[in-house]
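Asks: Here it is, the structure, as structure tokens.
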Amino acid sequence: MDKHLLVKRTLGCVCAATLMGAALATHHDSLNTVKAEEKTVQVQKGLPSIDSLHYLSENSKKEFKEELSKAGQESQKVKEILAKAQQADKQAQELAKMKIPEKIPMKPLHGSLYGGYFRTWHDKTSDPTEKDKVNSMGELPKEVDLAFIFHDWTKDYSLFWKELATKHVPKLNKQGTRVIRTIPWRFLAGGDNSGIAEDTSKYPNTPEGNKALAKAIVDEYVYKYNLDGLDVDVEHDSIPKVDKKEDTAGVERSIQVFEEIGKLIGPKGVDKSRLFIMDSTYMADKNPLIERGAPYINLLLVQVYGSQGEKGGWEPVSNRPEKTMEERWQGYSKYIRPEQYMIGFSFYEENAQEGNLWYDINSRKDEDKANGINTDITGTRAERYARWQPKTGGVKGGIFSYAIDRDGVAHQPKKYAKQKEFKDATDNIFHSDYSVSKALKTVMLKDKSYDLIDEKDFPDKALREAVMAQVGTRKGDLERFNGTLRLDNPAIQSLEGLNKFKKLAQLDLIGLSRITKLDRSVLPANMKPGKDTLETVLETYKKDNKEEPATIPPVSLKVSGLTGLKELDLSGFDRETLAGLDAATLTSLEKVDISGNKLDLAPGTENRQIFDTMLSTISNHVGSNEQTVKFDKQKPTGHYPDTYGKTSLRLPVANEKVDLQSQLLFGTVTNQGTLINSEADYKAYQNHKIAGRSFVDSNYHYNNFKVSYENYTVKVTDSTLGTTTDKTLATDKEETYKVDFFSPADKTKAVHTAKVIVGDEKTMMVNLAEGATVIGGSADPVNARKVFDGQLGSETDNISLGWDSKQSIIFKLKEDGLIKHWRFFNDSARNPETTNKPIQEASLQIFNIKDYNLDNLLENPNKFDDEKYWITVDTYSAQGERATAFSNTLNNITSKYWRVVFDTKGDRYSSPVVPELQILGYPLPNADTIMKTVTTAKELSQQKDKFSQKMLDELKIKEMALETSLNSKIFDVTAINANAGVLKDCIEKRQLLKK
């Protein structure tokens with residue numbers, strides 16, 4: 001149980017030899033001198049050593065040795081401790097030799113179940129010296145189906161265990177209450193405070209060791225006191241640890257041991273009469289044991305104490321509650337059935353403080369300061385839990401309470417919650433009559449959802465048995481079940497009652513040869529999609545405590561082998577598909593009505609193929625006419641296409657504007673794949689006939705069918721990666737565009753991408769600065785890296801470059817390339833409402849590799865954060881403008897090492913905020929070498945006195961060929977490399993001639 005109040009006792013291991021010495025093991029007439037932690041202690045004759053006490057457990061021996069260690073030289077205290085140990089050993093002997101009564105056979109468990117965790121240290125037999133303990137576990141009433149032994153503080157030699165085994169268990173079993181032992185998760189793993197699992201020599205982490213540990217756990221915690229099962233508490237406070245650190249290997253081992261326990265007891269165990277239970281605070285996706293452990297458990301108990309347990313936690317980003325009760329169940333429903341699922345609340349623990357105050361039961365009334373009792377459940381969270389049922393799957397198994405020995409005690413009032421020293425009347429110990437538990441059990445017993453399914457629900461016995469086997473035994477299961485129901489017993493003669501299903505996901509009717517008619521009188525209520533009418537009884541974050549009703553999808557219907565079926569009526573269900581109808585096996589069909597749906601029956605569709613098969617069967621039996629076959633008044637639903645046919649658009653340069661959406665994004669498709677691009681297409685579709693009759697409703701107009709693209713957005717990117725969201729494109733300049741369309745539902749993933757070419761096509765540039773390495777500069781290095789992450793980021797991202805108005809970044813590009821353009825964005829590009837000052841001046845520079853050593857730069861780049869080491873290739877000045885971005889052309893630069901300087905011209909708090917910097921061009925291996933080849937060619941062409949005019953003309957032609965390919969609209973690396981190679985060869989020949 002997730003209880004902050006409980007502090008688990010950790011016992012240190014103290015070596016017996018250093019504590020007591022060998023002298024304590026002997027019995028001399030005179031006083032013995034004993035060494036305990038290097039201190040001399042005198043002990044009277046006749047007192048035994050701790051290790052000589054044969055019945056005490058090793059854990060209890062450790063405790064007594066620790067007490068002796070602390071006692072030091074206080075002879076009287078040592079004597080008292082040893083006497084206490086001797087008495088403990090006698091009690092342990094009594095426990096070891098007690099006779100366990102014969103087990104009383106128990107009836108099968110049926111919901112609605114009520115469980116309660118009884119704290120052993122509050123049983124009056126736990127420690128007779130504590131006179132304030134007035135409750136006994138054996139007094140739990142018959143309304144408690146599951147009594148959990150929540151053990152802490154009670155010694156393993158306490159006579160409570162004898163009382164439990166010889167009196168409590170037989171008495172509780174006789175009234176129908178099962179008694180379950182709870183152990184922490186870590187007991188299955190070894191490591192810190194892991195009980196018998198600490199003995200790694202006896203229980204090593206091996207397959208055989210895990211089997212042995214599982215058996216020892218069941219023997220110790222179930223069979224030893226003749227209990228009815230085992231409960232493993234899976235939560236963060238009980239996670240396996242080694243040296244106080246969470247142990248991943250221990251978690252994995254605990255799963256294996258859990259499985260081994262499940263092979264001994266529980267639904268898959270050798271002994272199925274003993275229950276195997278898991279309780280947890282985790283959501284399913286955070287519970288490491290649930291996936292592999294679920295098949296082995298009878299029940300799952302989930303602790304949902306307090307307001308957040310009921311309502312979930314509010315998530316401000318998504319603006320909705322998370323970890324709600326329904327979400328918690330949905331997660332676990334993948335692994336267990338609803339009748340296995342129980343939810344829990346907590347009674348008020350005495351002296352509980354902030355962090356352990358749940359307010360699940362009623363508080364003490366202000367005027368009732370002397371009385372700490374309040375047994376009224378009206379309006380409590382506990383009562384709401386008793387009434388709550390999952391919206392899907394079926395009815396829950398029941399509820400449980402923690403600290404049931406506090407049943408009836410009022411909760412401490414909220415106004416005292418933070419007064420740590422305050423002691424309220426509710427902190428007193430009271431004898432309980434379990435009025436609250438009884439009342440909560442009564443609430444569940446009155447819940448009609450738990451009524452058993454009977455012949456009134458399903459008159460056909462074979463059908464009833466099939467439903468109860470697959471769905472559940474309770475009436476409330478019928479309206480909640482959202483799985484698959486397969487009916488394949490040929491003995492089924494009637495399907496009456498299936499209309500009680502409201503959320504069925506799939507209905508399989510297979511080989512039911514005695515069924516002659518299928519229509520809405522027997523088919524599930526959700527043959528037609530609808531809204532969930534089940535309302536929550538829980539408190540929610542909504543002001544009116546009402547949730548928006550969820551949509552219930554239509555049931556998927558599979559019909560095959562109904563050879564006796566004569567009449568099939570699926571009219572008026574708003575269904576879009578006939579898939580699932582094995583029409584060829586419906587060999588006796590005489591009448592079919594599929595009118596009033598949303599079916600596309602166009603030629604070539606799956607719907608049409610199925611319908612034609614049924615039509616043929618009916619024609620062969622009774623003939624096809626308007627009385628035997630109805631298929632009219634269809635209103636097919638229009639859907640957005642998955643893909644769009646038009647992926648490119650070529651336009652001439654002209655002084656015009658083009659609507660991109662109307663040119664590139666259009667069309668509506670049925671779920672059968674029939675594409676309709678225009679109203680003319682729709683009219684032709686609407687006029688299509690089957691046997692002289694139209695299937696599309698004549699009053700179903702195109703505007704009702706077509707989908708709307710009105711709220712779709714567009715992102716238009718030009719060849720320099722400049723973007724706009726304007727759906728209208730001007731064609732007044734030669735350019736190539738990438739056009740992305742986005743749906744209102746998802747603004748991040750394009751539903752369609754197309755290329756638009758105005759004039760001659762251009763190759764799209766690449767941002768060569770994306771992923772660049774920041775190697776120096778004055779800017780904050782963490783935020784400087786964000787400048788090159790390829791995205792503007794969100795409005796809340798911190799991308800300030802530092803505590804000064806002027807900041808620099810030195811960076812290296814990832815790959816060689818030919819740089820033709822650059823762009824940077826002001827903060828207003830990502831946040832129009834920003835108060836950050838825009839960049840007023842900027843300079844873009846490349847490293848002066850001609851005059852300075854690159855290796856020195858790389859060894860200590862911050863020393864090179866000076867203008868003299870850099871060559872400025874472009875500058876920017878705002879001149880009073882507040883632009884969101886600046887971009888400009890560059891002239892075929894090939895440097896990989898760059899420096900950029902941004903200046904807001906403000907005070908030291910007006911730091912530059914630059915979401916993104918782009919260095920634009922084309923990847924080109926050996927770009928620097930290629931450009932040097934061009935430079936060399938230009939230099940040689942000036943040496944007219946050394947070469948003939950013919951040679952100079954040839955050199956010029958090859959130089960121009962390379963420059964043309966470098967500046968071509970279509971950037972062709974192959975052509976560039978070929979021209980560079982030719983020019984290089986030409987240069988080398990001229991240089992040889994020169995020599």
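Note that Cβ sites are derived from N, Cα and C of the backbone, with glycine treated the same way.
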Asks: Looking at glycoprotein binding as recorded in Swiss-Prot, which candidate out of ARG186, ARG464, ARG474, ARG480 goes with HIS151, TRP153, ASP237, GLN303, TYR305, GLU349, GLU350, ASN356, TYR402?
Replies: ARG186
Asks: So among the binding-site residues GLN303, ASN356, who's got the most Cβ atoms within 10 Å?
Replies: GLN303
Asks: Max Cα-Cα distance in Å among HIS151, TRP153, ARG186, ASP237, GLN303, TYR305, GLU349, GLU350, ASN356, TYR402, the residues listed as binding glycoprotein?
Replies: 27
Asks: What mean pLDDT does the predicted model reach across the repeat 'LRR 4' (586-609)?
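Replies: Averaged over the repeat 'LRR 4' (586-609), the predicted model reaches a pLDDT of 98.
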Asks: Between GLU235, GLU349, which of the recorded positions has its C-beta surrounded by the fewest other C-beta atoms within 10 Å?
Replies: GLU235
Asks: Counting all other Cβ atoms within 10 Å across every protein chain shown, which of the binding-site residues HIS151, ARG186 scores highest?
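Replies: Sorting the candidates by Cβ neighbours within 10 Å, the top entry is ARG186.
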Asks: Are there residues at least six beyond either end of the repeat 'LRR 4' (586-609) with Cβ under 8 Å to its Cβ atoms? List them, or say none.
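Replies: Distant contacts of the repeat 'LRR 4' (586-609): 516, 559, 562-579, 615, 617-618, 621-622, 627-637, 670-674, 685, 688, 690, 695.
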Asks: As a quick check of your reading of DSSP, tell me how many residues in the region 'Three-helix bundle (3H)' (924-995) are helical, how many are strand and how many are coil.
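Replies: Helix (H, G, I), strand (E, B), coil: 55 helix, 0 strand, 17 coil.
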Asks: In whole Å, how far does the CA atom of GLU235 (active site, proton donor) lie from that of HIS151 (glycoprotein binding site)?
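Replies: About 16 Å separate the Cα atoms of these two residues.
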